[in-house]
Amino acid sequence: MTVADGNTTEANGSAPLAANGTYDPPTTEQPIEAGMEGVIELRRRGSRFGGLAAAVEESIASSIGKGLGNYKAAYAITKEDLSKLSNDRSRDALITILEKGIPKNIDSPKDIENPSRYKSMYENARLLVQQLKEDQEKGPFPGNSPEEHEADKRVDMAVNVLTSVLLRSSPETGIDPREVEYRREVFGTNAIAEKPLESFFQLCWEAVQDFVLIMLIILGAITVVVAVTESKPCGACWAEGTAILATVLLVVLLTAGIDYAKQFAFRRLSRSLLETNTKSVIRDGKQVIVVDDDVVVGDILSVNSHALASIPADCVLLGPAADLKMDESTLTGESDPVRKKPGDFILSGTNAVQGSGRMVVIAVGTNSVSGKIRARVYESADHEDELDDRDSNSPLFTKLDLIAKQIGIAGMVAATLAFAASCIIGLAIHGDPVSEILKYLTTAITVLAVAVPEGLPLAVTLALAFSSHRMTKDNNLVKHLNACETMGCATTICTDKTGTLTANKMTARALYTVEENIVATDPEISLGSYVKQVVPAEALDILAKIISIDTMNETVLELDHEGKIKSSAGNPTEVALLALVHDMGMDYEEIRNNTRGRSSVGALGEFLVEGKLLGFSSARKLMSWAVPTEGGGYRIYTKGAEDVLMSRCTKFVGAGGKIKDMTPEILEEFNKTSLSYSRRGMRNLGFAYADLPADFDFNASSSTIKNPDGGDAFLAETNMTAVGLIGIEDPLRPEVPPAIKKCYIAGIDVRMVTGDNPYTAASISYQAGILRDFHFKDGTTEHVATNLKDNVLMTGDEFRAKVYRTIPEEQGGTGKPEFDQQAFDKIWPHLRILARSSPDDKLTLAHGLNQSTLFADETACAKLKTEDSITIFPDRQVIAMTGDGTNDAPALKRADVGFAMGISGTQIAKDAADIILLDDNFASIVTAAKWGRNIYASLQKFLQFQLTVNISAVVTALVGAFAYQTSPLAAIQLLWVNLLMDSLASLALASEPPVDELLEKPPVNRTEHMITKRMWANMLGQASYQIIVVVVLLFAGPEILDIDPGKEVEAQGEMSVHYTLIFNTFVWMQLFNEINCRKVKGELNVFSGILNNALFCSILLVTSVLQALIVEFGGNALHVSDGLSGRYWAISLIFGFGSLPIQQIINVIFNATVNSKRKWRQKRRYDRDRALVAQNSCSHLHSE
């Protein structure tokens, strides 16, 4: 190899590599030699040069093993080398790894045809490394200088060397799928080791830390010791203490078991979330969707800011990149996006916020930057599960904690009172031996154990875990468990249109071009078939070019062997457009690959960097791609919102394909056609192009033409030539109208927030049922968008103009637009559609609704109700918000419950959301609301059951303490009742499935107390019945039933039939009341749907059998006699069954009382509202 005149020339005649690192790619007629630049070129050209490419690939393979098929040959670099590269992220680090991976002394393998070509390939690579070193010594170069551009090109080439040679991948075709497992073995997996689950014994230890259980263990042990060491024989008196210890053990085992199962539920949820994290990689030349954990080193990752925004591993950006900007705030804390160029490092955990690009994966899992951080967090001893942390602070938990504390205090008072009464009466009055204090203390502690609601947190956890698991089957993947119960309080759903209300199955059905309006009326015939017969070839060609060039690489069609579309991937709108091109008889891939500045393959692939992408943004509602022309300038192709784009066109393609000046009449014709499409519910896209000079500045903006968000428009997207507009049909999901009807019945408002034009939005809203007759002027539903009442439909511009105001600095303001809550409160009760909106409008809507205190303004609420039939919920709004884009993330976080789309949503949106809709379907949101209300109802059922038992058990214990210095229910029996009502009942009642009737009433007020007046009536009524039964049996039972009093029998050291009867009756009253507690709204049929809950039936059956076994065979250990006769069993069951008719009596009395009060309140409220409106009207007239 010799160096002359600044150029490096290969002795064997290979293509030249200039000293400045640039490479002049040969034409398709020229042979390509084996220099390193040739390797890169061959990989980019792919199969078009298959024979020669295979020869060079064989040369590469020979340096690492025998033959191309031996993909398990050793790599020249290790995962540690790559990890250092991603940590350092400098050009010096890149140079270091290239030097290690490219051997200095090359002995050509004997089994290749051209050893000299093989050697020159590596020699050129080493020369490239040398040039990178020189750049480091001379740099940094001035920005945008020729020296900087040349240095950047060398870095781009170096990254291709890293990709092609060191990582044995290809920027165009990626890796061979057969290599995936081997790459995992060599470079590691992208999955981070999960935090180890706590062992069952650890959970047992945590459970036994409970204060009440510790006290019972101590008392149980003392009881056994005293009984065993008693001087006089007491038979099996040690059995009660042993039984107490056994019961504590059972409670600990059951609690630990449930906590152990809960761990698995959280683990299952975490894994389900990971399965929604998918990326697009290139393998074997095809776009493949894989989950993040399956990404391996060497994968070529396709990233864009729309659907594939988050980065799952450390990467290096390949050239060229299309205006790629990354949000690195998660790692650096800096909120400003960072523009990336080829050769820059892209770290895991960051997100693309603009543009697109391809990158090669260099470090995965714990070798990546964010993977190291995650691993350290998991290893931390004080690390708690994120899912648990966030949920424990929810309003529901706070409310229940307060209830638990109140019950606990009451229980402490009752226990203290029982112990004091027993001691005073027993020791002071009756002269009982001091040793009886142990018995008194045991009873008091047991009363406390019964009173303290240990089962309440368990019931909450079970209800949330059970619901979240079942919700997954209903296409709601719950990330944060508190979102389940919050959704039960939802008063407003702000929903997207596309893909949520509609099916997201888009088809082009109408086209307006060359002054021809073509509508495909026959669903069996494609629009492309009509178009081919009507539109001139020149116009078809330009339309096909715009569509093919101005769509993302990730949007692809897969054809079968007959050339028909078999499947598709990518943006659904772009899929519909590419399908139209296909139906018109054209090949979008061929158009792309033959367009300089757009092609990424073959000889033209070297010029991809010359193309300029202005990626789609919701602020502009447009997307453009400029490509170089033969004359030296650019042609920019643009698609986007038809009303935005057409207003910027000064010319149009007219009849016969002739270019004509845009006149007001023609523009009006475009607008009329667009309106007609919109009234059919179509999404409309405009298409245009413009020719620009070679020195055009693509960053230049117009000071006179504005984007929809008010910002300056790109100058490149002005003065364009309109080609036409296309109407895309996206049918309404058939399940949406019934779901929206359920929302209105349930008191939940539905608002559409969409980027579509007002006419399309209004048409879909009317079909879906969001718009109802009273939203229209005079009740007339014709001309949907133009006949609505004020503020029912607004565009983003109108919305922002009304809810933001600018106060000059001289008047005490900031001089910047500020949110006006009062103005917002005048709009939101009427607002049903926000069209042409931006993600910022979503955020404003969520913020305004959340902060609104309109409900406290009685005059305004009364006026809305009487004049507009609008009822304002009597508390703050609880907002559910849907979103799918990266820019929707702030609004999803701001809403009370954020729903991200599982199919079309970006990873950033999913990360910000509380619930992921696996089917992107609005009906699933309504299902989530039903589950949320069911959680609340389940906890109310459990509370009603537990507090009824608490009241009756504590009162019974107190009566026994005052009358006999001991409870008729022994400590071990109270513990069984505690186990029955806490653990088993929480399982039974928390697993009740939701019923449609839950959506027939308004949402639950979040500040409302969980225990309603009806629940108090139920609890006090049932507790009174139970206490009366127990007291009658306790004091009058011996005489009525002719049995020995329990107090006297037990004084002789025997077990009492009398007390056993009381215990059995008490438990059966709880079991029958458990059936009552399935209903908390006064329903007459308490058995309704009972067979739909197999777990409830099973637990009820098991507890019934256990109770029978305890009574018949429990003996001294469980403080019962040797069974009960049939007569006493009948008495127990009759009194137990009596809980059912008693509940009906309670319902009748309560309903009669409530109905009487309701009528009086309704009349009073009506008179008050009329008076307030009249007073307000008089005040207004007076002021005028």
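Using N, Cα and C of the backbone, Cβ positions are placed for all residues, glycine too.
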TrEMBL annotation of transmembrane segment - which of the ranges 530-554, 1130-1154 it falls on:
1130-1154
Chain residues outside the transmembrane segment (1130-1154) and at least six past its termini with a C-beta under 8 angstroms from it:
1013-1014, 1017-1018, 1021-1022, 1025-1026, 1029, 1041, 1061, 1064-1065, 1067-1069, 1071-1073, 1075-1076, 1082, 1084, 1086, 1124
Give me the DSSP three-state residue breakdown of the domain 'Cation-transporting P-type ATPase N-terminal' (158-228), ordered helix, strand, coil.
46 helix, 2 strand, 23 coil
Given a Cβ distance threshold of under 8 angstroms, which distant residues of the chain, six or more beyond its ends, lie next to the transmembrane segment (441-466)?
210, 212-213, 215-216, 219, 223, 244, 255, 258, 262, 265, 391, 396-397, 400, 403-404, 407-408, 410-412, 414-416, 418-419, 422, 481-482, 484-485, 935, 938-939, 942-943, 946, 949-950, 953-954, 957, 961, 966-967, 971, 974-975, 977-978, 981-983, 985-987, 989-991
